[in-house]
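J.: Once you've had a glance at the structure underneath, I'll fire off some questions.
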Amino acid sequence: MSAAPLDYKKALEHLKTYSSKDGLSVQELMDSTTRGGLTYNDFLVLPGLVNFPSSAVSLQTKLTKKITLNTPFVSSPMDTVTEADMAIYMALLGGIGFIHHNCTPKEQASMVKKVKMFENGFINSPIVISPTTTVGEVKVMKRKFGFSGFPVTEDGKCPGKLVGLVTSRDIQFLEDDSLVVSEVMTKNPVTGIKGITLKEGNEILKQTKKGKLLIVDDNGNLVSMLSRADLMKNQNYPLASKSATTKQLLCGAAIGTIEADKERLRLLVEAGLDVVILDSSQGNSVFQLNMIKWIKETFPDLEIIAGNVATREQAANLIAAGADGLRIGMGSGSICITQEVMACGRPQGTAVYNVCQFANQFGVPCMADGGVQNIGHITKALALGSSTVMMGGMLAGTTESPGEYFYKDGKRLKAYRGMGSIDAMQKTGNKGNASTSRYFSESDSVLVAQGVSGAVVDKGSIKKFIPYLYNGLQHSCQDIGCESLTSLKENVQNGEVRFEFRTASAQLEGGVHNLHSYEKRLYN
């Protein structure tokens, strides 16, 4: 005779009689002696209690010791992923982009400057012109800088006596390029007095409905400027990653660890760089340790992300040297063949967990780099302890990534390649370019590839793709029962958030199956 069912009202009380919570703790899951190395596909996070809307989930997180982002999304410093356009929109959408260094130092610095000039608070060094500047010269400047509002001072310098303002409306229909701006400029532009706050300045722009607010001192000398376009960007991109002091967009860039990279970094810092990545496939080297020491002595305010690493021993050396953040991953990227060719690396889930467990004790945020293919992988990387997730392949093929689209077999594609591919190594010559220095191959007569070249399908703009990732990650945290990335980390460590190991058949079950055909649309 079967036992009578228990009183349903005592279900919660009965649950307490179990010796442990359902599923595995993160420590049990990541026991390499039992399960070996794990990737993101090898496990799932178990659901928790949902008692809040997904829109309430905060995705604020640390990039480095001093830099906080509103989203954990970071674009990779690859020459087919991140240049100025990608870095601009990654920052506007709450993340940050790291501009690649497979180009000349001046080209890279120019891209950093373009990001920093895209959005400002007070523009303390506005580009000014003199009354004798011609309309033709202004048109050239408009094409060069991407904007057309230029203050006019007596000597064409700032600070300098303000005499007017030239905007696109002043020159839009002028065909005579030889005219000087003193004949066409607005002679009484709207001004504010030096010392007003950013909030007060923006309020003047709203009330006057003008495009520019010129800030002058008591003697009428131009000292700075506010732009209405920046005010609109503030409204359209509320999560934007900005400097707390300048209100400019945050921008990162990568450099190598050879001597020439020191001068490259000087140019990047002059352009306004906020954070630098030391770009090495194997970050635990004397070259990187020496570079960290030099940067800390030369640019003490510049944040440094070191790597790549996959073990806590690697991490310990870089943390002790003064790294402000770590980049985790070796051979897990979709275009990377390091594990295959070099027999060196680590499954990404195991690498992220072990390095983060160590680094987080020292307050050093970690970035999971490689192996991320979807929102679920992002969630798992963050649950294992990383603070941010770097994406290469996920952002390749977007409108903002470098390169031109081409068609093959009816598909619209863009090139995507690993920085360890032969193509990338030979882009600017073998000696000391970004790819050869990243893989310590500057002096090699025969190059050994650690990456491949390929193509990816057009993904559209990240202006749609990043919000899709953002909303998806919020829903994922809601399912787990965590209202923030901070609480996700805490609840993983204290055992509240549980995991389950997936067998091969479980992975098949968790994907689309038993359909004749289907269309997989991720977002509209």
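Cβ coordinates come from backbone N, Cα and C, glycine included.
What Swiss-Prot records for this protein is below:
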ACT_SITE  C336  active site, thioimidate intermediate
ACT_SITE  R438  active site, proton acceptor
BINDING   D279, S280, S281, G329, M330, G331  NAD(+) binding site
BINDING   G331, G333, C336, E509, G510, G511  K(+) binding site
BINDING   S334, D369, G370, G371, G392, G393, Y416, R417, G418, M419, G420, Q450  IMP binding site
DOMAIN    122-183  domain 'CBS 1'
DOMAIN    185-241  domain 'CBS 2'
MOD_RES   S125  phosphoserine
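So where do these features actually land, and what's packed around them?
T.: Every protein chain shown contributes to the tally, and the Cβ of C336 (active site, thioimidate intermediate) ends up with 25 other Cβ atoms within 10 Å.
A sphere of 10 angstroms centred on the C-beta of G329 (NAD(+) binding site) encloses 28 other C-beta atoms.
Neighbours of G331 (NAD(+) binding site), defined as other CB atoms within 10 A of its CB across all chains, total 26.
Under DSSP, G392 (IMP binding site) is assigned to coil, being neither helix nor strand in the three-state scheme. Using a 10 Å Cβ-Cβ cutoff, G392 (IMP binding site) registers 25 neighbours.
In sequence order, C158 constitute the residues six or more apart from S125 (phosphoserine) in its chain with CB-CB distances below 8 Å. In the three-state DSSP reading, S125 (phosphoserine) counts as coil.
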J.: Looking at the binding-site residues G370, G392, G510, which ones sit with their CA no more than 10 Å from the CA of G329 (NAD(+) binding site)?
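T.: Within 10 Å of G329 (NAD(+) binding site): G370.
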J.: Round to the nearest Å and give the CA-to-CA distance linking G333 (K(+) binding site) with G370 (IMP binding site).
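T.: Distance between the two Cα atoms comes out at 4 Å.
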J.: Compare the C-alpha of E509 (K(+) binding site) with the C-alpha of each of the binding-site residues D279, M330, G331, G370, and give the closest one.
T.: G370
J.: By a simple count, how many Cβ atoms lie within 10 Å of the Cβ of E509 (K(+) binding site), its own Cβ left out?
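T.: Other Cβ atoms within 10 Å of E509 (K(+) binding site): 10.
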J.: Return one of helix, strand or coil for C336 (active site, thioimidate intermediate), based on DSSP.
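T.: Its secondary structure by DSSP: strand.
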J.: Using DSSP, what's the helix, strand and coil tally for the domain 'CBS 2' (185-241)?
T.: 20 helix, 16 strand, 21 coil
J.: Roughly how many Å lie between the Cα atoms of S280 (NAD(+) binding site) and G418 (IMP binding site), rounded to a whole value?
T.: 13
J.: Whole-number Å only: compute the distance from the Cα of D279 (NAD(+) binding site) to the Cα of G418 (IMP binding site).
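T.: G418 (IMP binding site) has its Cα 13 Å from the Cα of D279 (NAD(+) binding site).
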